[in-house]
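Accompanying notes for the structure given below.
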Ligand code: F6P
């Protein structure tokens, strides 16, 4: 196995709070280990276009508390091509980079997997996405912060919903995963969550209405996972307007504000642990794995598992919301 003396680090896909804490941890752990670090800007796009700078310990000073990613990020179409990945590999070699640490979500780790196989490059992935949809990791970097942001917003929406006796449909991110919706609904005391994982034929809206939510409450909040398939919160609000015109309905789409802001202490600690573990993993000869924390222990999850296996939502969480929203 070729010796590693220089690593490259990049963030890719949607930014997530805590990515800077991860960049900092990887950089400092690598330097602690005697390695050099190259910061690759704008994800795989920057690797293809040679946007690479030497990183020192000072490069990551005063970043742990900042949202977004100081390395910037992108979703690279060119990296999906063989030619794009060849350019990326050539730049990697020209910059003396022996191994890559990729911080990102599903698509980013899938890119790392193909790249590693095609060019025999050691790659380590860190789960960085607000969606929390990577199998094998209890929590992804950014998820906790986004969850707290949503809860803060829903608390505010609750004030106006109660004052007007309205039903609010609040749409949250998560791509194809309902973790943000389900858990923010529990934490904000919402009356229901509509999530993609609930794949039964039962109409989730009809169920919510027929539970008689108005027996004890005049207002309600339903958290809806974004969905390309049915149109998300707008779809449900429009249905209530036509099927139950007696209710006063409003929609709030939280959008990209969920991705911003200072990372929570939880995300900073998670990112710091994962960053240090990434360098230890490379040192031990680990390749092509995502580092995660599961049951409070560091785990190595092969890329193929992390990105291909669906991470299930615990049925207990669905039950908790149902029981508590009477
Ligand atoms: O994967 C993170 C995420 O924020 C998803 O929750 C969301 O569907 C998507 O990215 C939005 O992507 P973009 O920033 O490209 O609009």
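Placed from the backbone N, Cα and C atoms, the Cβ positions cover glycine too.
Record check: TrEMBL places 75, 76, 105, 106, 107, 108 at the ATP site, and the matching candidate among 14, 18, 174 is 14.
Among the binding-site residues 76, 189, 191, 219, not one has its Cβ under 6 Å from an atom of ligand 1. Other Cβ atoms within 10 Å of the Cβ of residue 175 (substrate binding site), summed over all protein chains shown, number 19. Cα spacing between residue 14 (ATP binding site) and residue 191 (ADP binding site): 29 Å, rounded to the nearest whole number. The DSSP secondary structure for residue 250 (substrate binding site) is strand.
A sphere of 10 angstroms centred on the C-beta of residue 76 (ATP binding site) encloses 24 other C-beta atoms. In this view, residue 107 (ATP binding site) is surrounded by 19 other Cβ atoms within 10 Å of its Cβ, with every protein chain counted.
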